[in-house]
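Chemist: Copied straight from TrEMBL:
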- Glu33, Asn37, Asp79, Met84, 98-100, 120-125, Thr170, Arg325: ATP binding site (BINDING)
- 26-180: domain 'Histidine kinase/HSP90-like ATPase' (DOMAIN)
- 1-325: region 'A' (REGION)
- 538-615: region 'C' (REGION)
Amino acid sequence: MHVETLEFQSEARQLLQLMIHSIYSNKDTFLRELVSNASDALDKLRLETFRDKDLTADISDLHIAIEADEEQHTLTVRDNGIGMTRDEVVELIGTIAKSGTAEFLRKLKESDQQQDLIGQFGIGFYSTFMVADKVTLVTRHPHAAEGVRWESSGESTYTIDAVADAPQGTSVTLHLKPVDADDQLPDYTAKGKITEIVKRYSDFITWPVRLGEETINSRKALWARSSSDVTDEEYAEFYRHISHDWNSPLETFRMQAEGTFEYQALLFIPSQAPMDLFMRERKRGVQLYVKRVFIMDDCEALMPEYLRFVKGVVDAQDLSLNVSREILQQDRQIQLMRRRLVKKVLSTVKTMMTEKPDNYATFWRELGGAVKEGLLSDVENRESILAISSFASTNSPDDLTTLKQYVERMKDDQQHIYFMTGDSRATIENSPHLEALRAKGFEVLILTDAIDEMWVEAVPQFEGRQFQSIAKGQVDLETEEEKSATSEREKDFADLLAWMTTSLSEHVKQVRLSSRLTTSAACIVGDQHDLTPTLEKMYRAMGQELPQIKRILELNPTHPLVTSLHEAFGSRSDHTELSDTVELLYGMALLAEGGELTDPSRFVRLLSDRLQRTL
Ligand SMILES: Nc1ncnc2c1ncn2[C@@H]1O[C@H](COP(=O)(O)OP(=O)(O)OP(=O)(O)O)[C@@H](O)[C@H]1O
């Protein structure tokens, strides 16, 4: 028979090398991966036979069998599940299709915490090369007449050939490396060892795992057992099985609904952001079971986009086993269930905030960026999402604040929750807009995520306090007394402001006096309902046509530069010279907020001209 030799895709090769020169101390996990794959294959076959009546597969005794051969020093994990066609073997075992692999491998090389990182990725089948120097896989898909044998020693190539009489399903045979206590390679053919590993990692697998005549797993679905019965370690193992995340979950919680639409849920919040959290082809949703039977992964009808990191299982009693994604999207009961699941996730985080503040801090650091998307998309739960959100603020250089804490610190004469959006904390802190708020001792939220620009536009208030950008609209910080002084000044400055508005009309729509400046001469602010420069840039990058958005230049009427300008304007009849000065003033304000000049060389020319005259 013809044996083909094929090459592993380069990323697969890199990952295999990592496995061979294993970075894990805990090599036992290879068996968990094989049992997990076998269990998935059995789930898939059962599902296929529901859907495809022509499929002539035997599903009367679906199970996983482990066979150890002490003499040959081999270990085989066999299932009678869905199997793979030749092309599937090449595609699934010879390549790594996961998005983000290249990025992952790059990070892995740079990191000294390889174990943590690889945990996020999950290496599945390749983990067998931690313990074996050769692996043979024989598989047959129910539609295929003959089977396929795949074999490799984990170097750069593998072989493929046909097997005439392969049974339905897949067997994976490991030619084990010699036992070596120092290298943490125990005898994996020992019955006691195999039983211990399966019990520890795979007890909850619903299919029987047999070793000889004996079934060695209890097969009980965790969510069907009473909570007091299940240990944290069992939950953690189950989480790893469904999430392919090797770390323990940050939070585990359950839900139960009785009555007309009965269901149980077992949900997890991960302790690290999944790699694909912000990727376009990211996964979302929990697993759906119907009466203990696995129906689908990534059931997006059960979780909104912004909670895409929540993992777990929902087991519904009253759905058909044939239920499709399309039906789920429209089903009213499913929508109700989803609403309850969302509320449960949010309330779980709320409790975490008070009871396990360190966990909450991890949660927010890892997943807060996704949660904030909910401020835009989930209007119904907006207040609850705000309540579990944290933000950087001028109150502390390191610690984040909740809005509740912010409100508690608000000054007596402070009306609003002030914020500023921008690229970085440093630009915001140095921006002139902050001056008067700082002088008044008002705290300002520092919002630097891209999503912040969006939600602040959509969310008007928190517990009755308005959100107010300090770089937009009129910031009303003055006392009544100050206000009357300002209106006097306005009259005084009226001619100058009108002239400047015309002179700078190419850049700004208005020039006015400011109450937000104490030390700077000028700053630029947006009109209350206009887009911020960052948002404008974002929309343009997305290809949207927008009219030019002009902002407003505000002057500090007590600054010497502005008072002198005022005097010069009043005493001179020719204002040509002054128009260069006001252009410089505008350019300075733009630079101070971290903005970019439209014509830097002109700015430099004007400035050097001025400087020459001071020498
Ligand atoms: N026993 C099996 N029966 C049928 N298909 C299998 C079996 N084992 C593996 N496969 C196929 O090969 C694919 C790759 O397996 P692998 O264990 O490397 O990754 P995975 O299980 O998809 O994810 P992870 O890497 O997170 O474990 C599986 O997704 C599955 O399609």
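Glycine is treated like the rest: Cβ placed from N, Cα and C.
What's the neighbourhood like for these features in this structure?
Modeler: Within 10 Å of the C-beta of Phe125 (ATP binding site) we count 17 further C-beta atoms, all protein chains included.
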Chemist: Let's check the environment of Arg325 (ATP binding site): how many other CB atoms sit within 10 Å of its CB?
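Modeler: The answer is 13 other Cβ atoms.
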Chemist: Provide the number of Cβ atoms within 10 Å of the Cβ of Asp79 (ATP binding site), excluding the reference atom itself.
Modeler: 27
Chemist: Return one of helix, strand or coil for Asp79 (ATP binding site), based on DSSP.
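Modeler: Asp79 (ATP binding site) sits in a strand per DSSP.
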